[in-house]
Amino acid sequence: MEKYIMSIDQGTTSSRAILFDKEGDIKGVAQREFKQYFPKSGWVEHDANEIWTSVLAVMTEVLNENEINADQIEGIGITNQRETTVIWDKNTGRPIYHAIVWQSRQTQSICHELKEQGHEETFRNKTGLLLDPYFAGTKVKWILDNVDGAREKAENGDLLFGTIDTWLVWKLSGGEAHITDYSNASRTLMYNIYDLQWDDELLDLLNVPKQLLPEVKESSEIYAHTKDYHFFGQEVPISGIAGDQQAALFGQACFERGDVKNTYGTGGFMLMNTGEEPVKSESGLLTTIAYGLDGKVNYALEGSIFVSGSAIQWLRDGLRIINSAPQSENYATRVDSTDNVYFVPAFVGLGTPYWDSEARGAIFGLSRGTEKEHFIRATLESLCYQTRDVMEAMSKDSKIEVNNLRVDGGAVKNNFIMQFQADIVNTAVERPEIQETTALGAAYLAGLAVGFWDSKDEIANRWQLETEFTPQMSEEDRTKLYKGWKKAVEATQVFKLED
């Protein structure tokens with residue numbers, strides 16, 4: 001009877017369950033989208049119970065559709081949208097407020113206040129992160145400050161906080177395990193990535209009671225077992241956890257210092273493994289934990305792009321100038337260039353290296369001759385320019401030149417984007433055979449803990465190249481195009497509307 005690892009990939013817009021066999025090949029996939037809530041401009045929320053029911057649904061579906069029994073599952077790995085924050089009542093199991101999503105800007109005023117009080121460096125020096133609404137800490141404070149009775153309940157020990165991994169493990173284990181892993185803890189603004197513990201000073205600044213917080217574990221170990229009533233009568237080990245971007249780094253077998261991967265999902269995320277030494281950034285990158293394994297912690301530098309694949313979604317759903325995401329490649333290749341049109345997709349601000357949360361999207365260089373093909377091409381190119389911004393910062397901080405870029409995420413299927421990416425960064429872009437690297441990374445972490453796979457070496461040997469895109473553009477063109485992008489970003493940052 002063949003055995004499998006199940007990966008739960010809980011993302012920003014959907015939950016998926018993916019089965020991997022011993023070869024690391026995909027045996028089955030089930031996916032379910034869930035509702036996005038936008039209560040005010042710039043706010044993004046999810047219903048944590050909807051997330052939970054979507055996860056139960058895909059777990060059931062992937063087994064049923066592929067006629068696999070629950071006793072064929074050796075372990076479960078969880079990878080999750082990071083920073084998204086849930087607080088729930090531990091007695092009733094009910095969330096006290098919607099989950100506040102990583103993209104949400106509703107804690108802007110809290111961040112501003114902490115900066116005004118001069119605390120930015122304190123957070124930076126201990127967590128490797130910036131004081132930005134993106135991270136979980138200010139979201140926790142917001143919920144405690146804004147939900148009636150929440151603070152009192154938290155101080156009495158009746159509430160629990162978790163990122164989505166923590167919430168799912170708590171639910172799957174029937175409330176027995178309140179845990180997270182190093183990679184997720186490192187995204188909270190409350191965890192000291194050098195001392196590897198929740199930081200009392202930061203908790204005081206955010207006014208967050210310590211009893212709210214989960215226990216931090218390695219990224220690969222048996223944390224708990226599923227309750228049999230959640231998993232067809234089986235108690236299956238939950239044995240791997242990593243935030244989505246760290247899971248993708250692991251799934252891309254980026255185990256050596258200097259290895260880099262870039263994910264083109266809803267947002268864009270580049271991570272460089274910096275080994276067992278954290279690298280402090282002078283260029284607006286984040287210092288974060290890649291994973292904890294075998295008693296060691298590996299660190300990473302990370303660049304975050306807030307709008308990547310979601311810009312293509314916007315062309316489809318917002319402007320309705322394409323019918324499907326793949327169609328964007330067709331339109332973009334009908335013209336030789338953007339005809340000097342630049343699009344800066346700063347819908348929710350600009351991430352690395354600018355960290356300008358007040359910037360908003362802008363289009364430059366329009367003329368009477370601009371057609372939709374030019375604009376669609378400019379949108380696709382914007383993903384690549386933002387990636388170069390991050391890559392330059394990364395090389396500068398780490399003093400490591402990036403020689404090849406491993407890529408994953410929905411947009412990598414677009415050959416135009418991949419070729420333009422190679423051209424604009426002047427580096428080979430490697431698209432792997434298995435592009436579900438986030439889910440694969442979680443599966444690898446879970447599988448290592450239960451002996452399904454033996455070692456990182458075995459995993460590294462399984463990585464296979466599908467297509468390599470090599471630079472074709474002249475240095476002159478590359479320099480000119482990128483210079484235009486930098487001007488467009490600069491102009492975007494200047495344009496600010498008063499409240």
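From the backbone N, Cα and C atoms, a Cβ is placed for every residue, glycine too.
According to Swiss-Prot:
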- Thr12, Thr13, Ser14, Thr266, Gly309, Gln313, Gly410: ATP binding site (BINDING)
- Thr12, Arg82, Glu83, Tyr134, Asp244: sn-glycerol 3-phosphate binding site (BINDING)
- Thr12, Arg16, Thr266, Gly309, Gly410, Asn414: ADP binding site (BINDING)
- Arg82, Glu83, Tyr134, Asp244, Gln245: glycerol binding site (BINDING)
- His230: phosphohistidine (MOD_RES)
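Shown on the structure are the features that Swiss-Prot records.
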| residue | record | Cβ within 10 Å |
| --- | --- | --- |
| Thr12 | ATP binding site | 21 |
| Thr13 | ATP binding site | 15 |
| Ser14 | ATP binding site | 14 |
| Arg16 | ADP binding site | 22 |
| Tyr134 | sn-glycerol 3-phosphate binding site | 29 |
| His230 | phosphohistidine | 19 |
| Asp244 | sn-glycerol 3-phosphate binding site | 31 |
| Gly309 | ATP binding site | 22 |
| Gly410 | ATP binding site | 17 |
| Asn414 | ADP binding site | 21 |
Would you list the other residues of this chain near glycerol - those whose C-beta lies within 8 angstroms of the C-beta centroid of Arg82, Glu83, Tyr134, Asp244, Gln245 - in sequence order?
Gln81, Thr84, Trp102, Arg187, Gly243, Phe269, Ser304
What is the one among the binding-site residues Gln245, Thr266, Gln313 whose Cβ has the most other Cβ atoms less than or equal to 10 Å away?
Gln245
Taking 8 Å from the centroid of the Cβ atoms of Thr12, Arg82, Glu83, Tyr134, Asp244 as the cut-off, which other residues in that chain fall inside it around the sn-glycerol 3-phosphate site?
Asn80, Gln81, Thr84, Val101, Trp102, Gln103, Arg187, Gly243, Gln245, Gly267
DSSP state at Gly410 (ATP binding site), helix/strand/coil:
helix
Rounded to a whole number, how many Å is the Cα of Gln245 (glycerol binding site) away from the Cα of Thr12 (ATP binding site)?
13
Conformational class of Thr12 (ATP binding site) under the three-state DSSP mapping:
coil
Alpha-carbon distance [Thr12 (ATP binding site); Asp244 (sn-glycerol 3-phosphate binding site)] in Å:
10
